Amino acid sequence: MPEDRPIEDSPPIGEAQTDAPAGGCPAGFGRIKPPVAGGSNXDWWPNQLNMKILQKNPDVINPLDEDFDYRSAVQNLDVDALRADIVEVMHTSQDWWPADFGHYGPLFIRMAWHAAGTYRVSDGRGGAGAGMQRFAPLNSWPDNASLDKARRLLWPVKKKYGKNLSWADLIVYAGNVALEDMGFRTAGFAFGREDRWEPEEDVYWGPEQEWLDRTKRYTGERDLENPLAAVQMGLIYVNPEGPNGNPDPQASAIDIRETFGRMAMNDVETAALIVGGHTFGKTHGNGDASLVGPEPEAAPLEEVGLGWRNPQGTGVGKDAITSGLEVTWTHTPTKWDNSFLEILYGNEWELTKSPAGANQWKPKDNGWANSVPLAHEDGKTHPSMLTSDLALRVDPIYEQITRRWLDHPEELAEEFAKAWFKLLHRDMGPVTRYLGPEVPKDTWLWQDNIPAGNDLSDDEVAKLKELIADSGLTVSQLVSTAWKAASTFRSSDLRGGANGGRIRLQPQLGWEANEPDELAQVVRKYEEIQKASGINVSFADLVVLGGNVGVEKAAKAAGFDVTVPFTPGRGDATQEETDVDSFAYLEPKADGFRNYLGKGSDLPAEFKLIDRANLLGLSAPEMTTLVGGLRVLDVNHGGTKHGVLTDKPGALTTDFFVNLLDMSTAWKPSPADDGTYIGTDRATGSPKWTGTRVDLVFASNSQLRALAEVYAEDDSKEKFVKDFVAAWTKVMDADRFDVA
């Protein structure tokens, strides 16, 4: 800070100076925030690539010992003792945040639900798997108001069990224990979620810059932007008052179906979660919501991480304000029963207002008067419902489902148990990752189950490699097929990958990105090799091994003898074990590694490349190495030559980087205006190469150019091959959770 500017004259941290002079900062304001307050190059160039999402959860910010392994540590947990401690917390009301009805169970259910409920199936991001509810923005979402208190109530438990229990596991396990303590039988629980130590900044939560804004995520009639799932910024699912606060139950049902569907739930699962969840507890709106203080991230230091301080009355208990709605659904709010549906269908309902002015519903003609207990004082009142609750009654599909449960509560219990388990575990990956004594024996289609594979001897691997090498399949076919299979992996929810051999099944066999006609030929050839070999090898292993053969051939053509690491043991799933609708979300709409950009992309191709690399769990150097290598291996979608900057395609050379950075080439946009570029000889004007935005970004973006320069250097040829093989193997093995 300049010495002639008194510190008291500076704007507060987090605020920008608004009186920017003409011709000032190109970002539109006159004073950039310091780095410690969030200032960055993005303030100057807001449209630049965010390379930091390729540096997720680095070791340098992890306070645990370098050799600490949570998945081993959690297996030392005394789960019975943990359960008892959570139960004790639930039954011990604290004056600083008194328990509704003397039981924190409903609060813990909401905490677990809102942690897991951020998951969206389109990109696999969100969910409870990393304990993100502790960090911004989720810890400060309006829909998560008061969940800061739930986590603070559990701090003594976390403190006691230390590193053997992650916050990610504790947050959702507390909700599971709460259900069971109130009489519900869950389907079980799996431990194994590892905490991270910084917010996930690779998740796009929406375009809005104000809480509860809903003006920018919809187009047309009510088309919600992908990959978003919630209807408003800062909500988990839908607006409980109805769309945009309009108390229309039928319109609410439309939002519910869309939102829960984007979170991987069908109609039965959706109805079960709403009915089951709203069997317990209450909402809080007994006062003027506009008087509530700022959320945790904006609260003053003395609040020590808590937010939403309420100055009205005691500020807690009967005076608590969370959503502004004041609803208790049933007369048994801490007990599992069928009373939610009995009350929903046992009354006609009329619109009313909460003390905070929110739209909610009460029984007509004073129905069920004095039947529902007050949470913090003697006396009783009537039940209430949300607009989103009445949606279950007015929507014909939801009504058919829930009316049956009214007469068959055992079916509701079964469906809620399954849906709740799915909610908590959807982002954990396959059942082989489930840990602990409460893992259920049952499995479900949504878990993408894969039969166990077989081990292979060194001799068997050698024979298979020889058969593949002599099969007539080209380096391009071998490498591209393995890449198509393995690169479906998503580190976000641990779905996809080569394991399972689903590249030969629908829907993957028919995806445009996979070039179905050519892929079908390669699949047939692999099936012939599989049969002719006489070896009990899975199709999945064969595809990866074939990719390795292609890489080894390409390295040899570049003058290097390498052996690409191969770990057998992949299994083959069947079509019956594959949920076609669910797997459709894994279809790549863009794959910059193969210069593929599908129709209707919402972002430029280079941004899609970074996003895909992030989902694959790649670092920026790994991404750079793979793009450069795959270009010279000639694996582009459709056989295009964009970015194939070599006269030796099929050889694993550094030619992509050398020729991209060669200043004798001048680049200009193609007159076809199709997002491609033409590289011409500066001296003669003769065309030399063509490229895409993904190709040119490695020369244009300063960070990527720095990486490209490393591999273009004369002494990097061997290093490039070594680094490519390492990055390739990482992708091939990304879904091998059975391999250390």
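Every residue, even glycine, has its Cβ placed from backbone N, Cα and C.
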Which listed span Swiss-Prot calls region 'Disordered', if the choices are 1-32, 33-64, 673-704 = 1-32
To the nearest whole angstrom, state the Cα distance for the pair HIS114 (active site, proton acceptor) and HIS278 (heme b binding site).
-> 14
Taking the Cβ of ARG110 (site 'Transition state stabilizer') as the centre, count every other Cβ atom within 10 Å, in any protein chain shown.
-> 24
Tell me the Cβ contacts of HIS278 (heme b binding site) under 8 Å, same chain only and six or more apart in sequence, or just say none.
-> TRP329, PHE340, LEU386, ASP389
What number of additional C-beta atoms lies within 10 angstroms of the C-beta atom of HIS114 (active site, proton acceptor)?
-> 22
